[in-house]
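According to TrEMBL:
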| type | residues | note |
| --- | --- | --- |
| BINDING | 46-53, R96, 124-127, K135, 150-151, 194-195 | substrate binding site |
| ACT_SITE | H47 | active site, tele-phosphohistidine intermediate |
| ACT_SITE | E124 | active site, proton donor/acceptor |
| SITE | H193 | site 'Transition state stabilizer' |
Amino acid sequence: MKIDQNLYAKYSSGEIDQAVAFLSYKDAVELPKMESDVYPTLYVFRHGQTEDNANFVFSGWHDSPLTEKGREQAKILAEKLKNKKIKMLFSSPLIRAVDTMKIAMSLNDNAKELDITTDKRIMERNYGDYVGKSKLELQLEDPEMAQKVRRSFDYVPPNGESLKMVCMRVSDFCDTVLPLMKKYNVNVAVSCHGNSIRGFRRYFEKLSDEETATIETPLAQDYAAYIVNDF
């Protein structure tokens, strides 16, 4: 992690350490897994750590690559998914999601040679004017605004989109793909992002606005699984 040394001229080490701890992924829990041998299953996971993640930078649609740690996280995911009978692959077009999918399927004989279909509807949230800016600096300068930008359901940053808007496009993706899964009885894997996976969890788990905005998902390493039957 690279911390702008100029911040130490404005804030104490304790304040910076506290902000770093607050921004770290400490509340992520194991993802729900509802799988079936009869009905098709949707496997959804988040990309591994990127350079922007490591440095607390708003990525949004910026194409930040995986770090070595991120690639190792995706390898953990590959071990967990290697025996799943996956027949279709969807990914956000951003390179961090595509590369995570490639690694995650690398041990799966059913899926490692499959083409990856990219879909903009499952891209990360567009943070607009905040893209490329420091989450750490914003957290130190204005914690309330940082919380509003990062964990509000309705707030639209300048030239960006709200989490609500992300959930709407993810819902549209599901409404397109789930009928195909049912029609052809195929399992599907999806590689996406911290905010787009919130859209999937809201869709399947019927989360409230607040739950959707505040739920945390680990970087790669784990997956959510949903049975596609009644949708």
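Note that Cβ sites are derived from N, Cα and C of the backbone, with glycine treated the same way.
Sequence features, as recorded in TrEMBL, placed on the structure.
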residue : record                                          : contacts (Cβ under 8 Å, 6+ apart)
R46     : substrate binding site                          : T100, S191, C192, H193, G194, I197, T217, P218, L219, A220
H47     : active site, tele-phosphohistidine intermediate : L66, G70, A74, S92, L94, R96, A97, D99, T100, S191, C192, H193, L219, A220
Q49     : substrate binding site                          : L66, T67, K69, G70, Q73, L219, A220
D52     : substrate binding site                          : F58, S59, H62, S64
E124    : substrate binding site                          : S59, G60, W61, S92, L94, V166, C192, H193, G194, N195, S196
Y127    : substrate binding site                          : F58, S59, G60, V149, P157, G160
R151    : substrate binding site                          : A213, T214
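In the three-state DSSP scheme, R46 (substrate binding site) falls into the strand class. In the structure as shown, the Cβ atom of H193 (site 'Transition state stabilizer') sits within 10 Å of 24 other Cβ atoms.
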